[in-house]
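Pulled from TrEMBL:
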- 7-187: domain 'KARI N-terminal Rossmann' (DOMAIN)
- Tyr30, Gly31, Ser32, Gln33, Arg53, Ser56, Ser58, Gly139: NADP(+) binding site (BINDING)
- His113: active site (ACT_SITE)
- 188-333: domain 'KARI C-terminal knotted' (DOMAIN)
- Asp196, Glu232, Glu236: Mg(2+) 2 binding site (BINDING)
- Asp196, Glu200: Mg(2+) 1 binding site (BINDING)
- Ser257: substrate binding site (BINDING)
Amino acid sequence: MVDEFSTDVYYDADADESILDDQTVAVLGYGSQGHAHAQNLADSGVDVVVGLREGSSSREEAETDGMAIATQSEAAAQGDIVVMLVPDTVQPDVYENAVEPNLEEGDTLQFAHGFNIHYGQIEPPEDVDVTMVAPKSPGHLVRRTYKRGEGTPGLVAVYQDATGAAKDEALAYAKAIGCTRAGVIETTFREETETDLFGEQAVLCGGVTEMMKVGYETLVDAGYSPEMAYFEVMNEMKLIVDLIYEGGLMEMWDSVSDTAEYGGLTRGEYVIDESAREGMEQILQEVQDGEFAKEWISENQTNRPSYKQLREAEQNHDIEDVGGRLRELFDWDESAE
Ligand code: NAD
Ligand code: MG
Ligand code: MG
Ligand code: MG
Ligand code: MG
């Protein structure tokens, strides 16, 4: 344990994998997270069964990987720990049809994201543990780092502790998939869900793409060439973000020209001004009061009309055309793979 952080961080020595010795883990879904959890667990000596729906396109891959495969219901019945690694939007259905009828007293229902529990879309019975083990990384990295003897950082949370052993079990699981090699932070379902949604809407996915599109449109509307606009506001983003990822804001400022640094430090606030701050506060408000969740759940119940429309508009934005053509020039760039 390291004390410099504002929260507890757990490493290998803080977790006892033997807790999993006499348990079966049912991994439902074999996508990004599912394939990585299942294989890392198996390599750690844990008894794993992968639950797949009828006609799943992942069956062949799971078979090739040597996994024990069952239907989602059978897997949930066999599992002492049932891990929900199907997409968040289908989890309520899978829970109702395959999991709930097969949960026994003392079982664990485990998640990698808190949405469905936090917003009441899944309401587990009181006699099971409800936990979260969430690698802070896409599945292929969870798998690749594990094979190298390393791991990706992760989160653990306990929503319901019926047995009194929920946290120790979650830490054991985090160890078995490699996360305690890198460090695991304790959080709550509420904190994980709300910060995740806020981050992807305000900054990562929503904020960054809007900034790029508005930057592109500003240049093109002023008569500059779309190709130049694409390079300046989209293509170069990766270089900047890589520097920040590696060494923080100062490594980025140190690497760009002094002109870029002075211009950025003085002009960034023209764009991200008080109104941007208010926009972020509104996003957080709608995440916290459940308005966003309600809207997204209803989108999914009505075949996603707005989602489809917005997606099509995004696809048809000029920056996608121009970018598609220009990215072909970078075919040699292995970092783009
Ligand atoms: P995914 O979309 O990669 O995989 C989903 C799996 O579920 C696939 O095997 C798919 O075949 C199966 N599936 C799809 N539709 C289904 C349906 N209707 N019924 C049954 N099975 C179906 O999912 P993922 O990205 O691995 O996400 C799983 C969980 O992990 C989610 O809760 C997600 O929020 C969380 N998570 C994901 C990441 C990530 O980087 N991908 C990171 C941390 C947490
Ligand atoms: Mg069971
Ligand atoms: Mg248990
Ligand atoms: Mg998310
Ligand atoms: Mg430049």
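Every residue gets a Cβ built from N, Cα and C, even glycine.
Overlay of TrEMBL feature records on the structure.
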residue	record	contacts (Cβ under 8 Å, 6+ apart)
Tyr30	NADP(+) binding site	Ala38, Val50, Leu52, Ser56, Ser58, Arg59, Glu61, Ala62, Met67, Leu85
Gln33	NADP(+) binding site	Leu85, Ala112, Pro135, Gly139, Val142
Arg53	NADP(+) binding site	Thr71, Gln72, Val94
His113	active site	Asp88, Met132, Ala134, Glu192, Thr193, Asp196
Glu232	Mg(2+) 2 binding site	Gly215, Leu219
Glu236	Mg(2+) 2 binding site	none
On the DSSP side of things, how many residues of the domain 'KARI C-terminal knotted' (188-333) fall into helix, strand and coil, could you say? 125 helix, 0 strand, 21 coil
At the level of the C-alpha atoms, what whole-angstrom distance separates the residue listed as 'substrate binding site' and Gly31 (NADP(+) binding site)? 42
Cβ neighbour count (within 10 Å, all chains shown) around Asp196 (Mg(2+) 2 binding site): 18
Let me make sure I understand the structure: which of the binding-site residues listed (Gly31, Gly139) has the fewest other Cβ atoms within 10 A of its Cβ? Gly31
What remains of the binding-site residues Tyr30, Ser58, Glu200, Glu236 after requiring a CB under 6 angstroms from ligand 1 is Tyr30, Ser58
